[in-house]
């Protein structure tokens with residue numbers, strides 16, 4: 001059994017999603033958003049750090065996954081997003097969690113089956129995959145998608161490692 005914390009970073013709203021892996025299946029533990037005030041950026045970054053640290057204390061995850069920064073049209077927005085992302089990563093590293101990073105395309109591919117999926121499609125599939133009674137808000141759904149992507153990626157790597165050990169001279173046994 002392991003617990004995965006997924007983060008969808010933002011300088012105003014940072015989504016989080018927590019899943020537990022039991023017998024090869026993902027179970028929903030919690031999700032939500034860390035909303036920062038409209039203060040100066042350093043204050044908002046501290047709020048992201050403190051919020052992620054609090055979630056780590058509450059859920060005690062074993063693994064941490066976060067969305068990579070994409071190139072935004074607005075360079076200032078991309079820089080702020082990167083700084084918020086860094087605040088979340090520092091919280092994970094301080095808690096001695098392994099950190100994995102995924103692009104938006106990888107996350108959408110893992111959750112919906114296509115890298116070009118819309119936010120609504122991600123919300124729908126997260127709701128379906130985790131058997132939720134209500135659709136989570138967009139940022140929380142994206143964070144749950146990050147956690148699901150990490151779970152699927154980890155499962156694929158485990159399967160590939162198993163195949164590699166059963167291979168002799170290029171043949172599978």
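Cβ from N, Cα, C; glycine included.
Quick look at what Swiss-Prot lists:
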ACT_SITE  8  active site
BINDING   8, 139  Mg(2+) 1 binding site
ACT_SITE  67  active site
BINDING   67  Mg(2+) 2 binding site
ACT_SITE  139  active site
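Locations of recorded Swiss-Prot features on the structure.
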residue : record                : CB count, 10 Å
8       : active site           : 27
67      : active site           : 25
139     : Mg(2+) 1 binding site : 24
At the Cα level, what's the spacing in Å between residue 67 (active site) and residue 8 (active site), rounded?
6
Rounded to a whole number, how many Å is the Cα of residue 139 (Mg(2+) 1 binding site) away from the Cα of residue 8 (active site)?
6
